[in-house]
Amino acid sequence: MSCSKPSRFDRFSGGSVAAETNYKQHRRTPSSSSTLTYSPRDDDDGMEPQVFAEQPSVKLCCQLCCSVFKDPVITTCGHTFCRRCALTSEKCPVDNSKLTVVVNNIAVAEQIGELFIHCKYGCRPAASGKPGAFEVDPLGCPFTIKLSTRKDHEVSCDYRPVRCPNNPNCPPLLTMNLEAHLKECEHIKCPHSKYGCTFIGNQDTYETHLEVCKFEGLKEFLQQTDDRFHEMQVTLAQKDQDISFLRSMLGKLSEKLDQLEKNLELKFDVLDENQSKLSEDLMEFRRDASMLNDELSHINARLNMGILGSYDPQQIFKCKGTFVGHQGPVWCLCVYSTGDLLFSGSSDKSIKVWDTCTTYKCQKTLEGHDGIVLALCIQGNKLYSGSADCTIIVWDIQTLQKVNTIRAHDNPVCTLVSSHNMLFSGSLKAIKVWDIVGTELKLKKELTGLNHWVRALVASQNHLYSGSYQTIKIWDIRSLECVHVLQTSGGSVYSIAVTNHHIVCGTYENLIHVWDIESKEQVRTLTGHVGTVYALAVISTPDQTKVFSASYDRSLRVWSMDNMICTQTLLRHQGSVTALAVSRGRLFSGAVDSTVKVWTC
């Protein structure tokens, strides 16, 4: 199998393998006379047969061993390798950096689990004699099965080798032939052999023996004796456990009693000292209560004046609902506030349109892309979608119809953002600037000098912010020139958000960096996530600004930008959270679990 350089853009590496069932049958007729030609070895020695029904995509191959990933992990350099390869290799073959395992690549592991392989009892060592090489055995099992379900099939496979239960010296058998063998086996033991019967014979003599066996007439008594003996053994074991538990509890109670006696003596000693202090604390509590009542009166007055939500120290976000319908991970979200519509793009190559105001249901599914939908953007009454198929599709929001398709990049379109009647699209080491002319996109300029995938792209006022590997570039939208560069740490920049006072970015290595928007000086690094920070979003009120972060660790976090602390962690998704969108104080989150959740206070 040839091996080429894998993409470092993990969202669409490996493609997807679709299957209607967990196993399929070869186009050949199983032979009842099949014989055992291969004895499988343990999986630990690396010789477990693994013959794929179809050639796997090269994107599912480890660049170090050139084989399909086995236990894929993401390393510090951003590549995906087999765990064993990553642990035994010191340097990355792409950028020569030191390899350190960061986290399991769940998405790639799930895709590999969907690949079909031949049952190991339908394989044999290759004719070439090369160690570890196998080929299809035309006399073996005719089924192909999903890699993730191979154990379920192979444990009950008709071609699985078994031993005769009567005598290990009988020749090896296949499961399908066991029943017929037992009818002819010459080594059948009497069922009462454990009581001392020495009979061994075939099926015919076995039945004759039972008629004269002296233990057969006593079988009910013997069975009752066995059952009673087993009950006594179980009871005895339970009593032993009870005795051990009681001894342990008695020791703990003795220790606790000693400790309570010591504590009681200490409490009596300090009781007199605390009595006078309690009186002083009571007076202080009364003063604090008076101050709190004054503060609550002030808050109520502001609420009655209509400044709802401008100051709410107890503001807590809760999950209010879930949109279900996608057949793959959700990678991007976009809100059309005029019509209260939410658009979501997924690995199932579709865009779903959700009503967020009245019915809260999917209004329509937009289909047109041939790859994963990675980016969404709205300008006026047009929706723009970018995909792994390297195109941008223009949709009319009023009719929800496709009106144009543009071949935008040579690589997947990762991000889209619009500003000043221009559309900006990010891909590998490039940002393209398009003039929006009706339903057409006219290429105006290509921004270069970028060192990696442009996974983050944000337009705010007169500036465009782009994120790539450990770098944020700030571009003047009017001149389309780079005016400032921010150096980061933590690997590739996956997300950017801009507030009135700060520039915030989320990175591959779980960090969130914060810069002052005026001085461009870094003021804080926010920690807490244990996975890549895929998305950021901002909700601002006159009195406070909140930043929301979505992570590979399946959580969302709420950050107060006044004191830059995490005020809440939201845990409801069953997979990595990959996309965020806000509208009218509501937060929408999309995840690898194929759902979109709605959060409000």
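Numbering starts at 1 and runs along the chain as it is shown here.
In case you wondered, yes, glycine gets a Cβ from its N, Cα and C as well.
Sequence annotations record features per position, and here TrEMBL assigns region 'Disordered' to 1-49.
The compositional bias 'Low complexity' annotation in TrEMBL covers 30-39.
Residues or ranges marked as domain 'RING-type' by TrEMBL: 62-96. Secondary structure of the domain 'RING-type' (62-96), assigned with DSSP and counted as helix (H, G, I), strand (E, B) and coil, comes to 6 helix, 9 strand, 20 coil.
For 243-270, the entry in TrEMBL reads coiled coil.
This prediction places the mean pLDDT of the repeat 'WD' (323-355) at 93. Positions annotated as repeat 'WD' by TrEMBL: 323-355 (among others).
As annotated by TrEMBL, repeat 'WD' applies to 366-405 (among others).
Within the chain, the repeat 'WD' (486-525) has long-range Cβ neighbours (under 8 A, six or more residues past its boundaries) at 76, 78, 102, 452-453, 455-458, 460, 465-474, 531-538, 540, 545, 547, 549-551, 553, 559, 561, 564. Per TrEMBL, repeat 'WD' is recorded for 486-525 (among others).
Residues annotated as repeat 'WD' in TrEMBL: 526-569 (among others). Across the repeat 'WD' (526-569), DSSP classifies residues as 0 helix, 26 strand, 18 coil.
Residues annotated as repeat 'WD' in TrEMBL: 570-601 (among others). Residue counts for the repeat 'WD' (570-601) by DSSP state, with H, G and I taken as helix and E and B as strand, are 0 helix, 20 strand, 12 coil.
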Chain residues in Cβ proximity to the repeat 'WD' (366-405) (below 8 Å; excluding those fewer than six residues from its ends, i.e. six or more beyond):
11-12, 328, 331-336, 339, 341, 343-347, 349-353, 411-418, 421, 423, 425-427, 436, 439-441
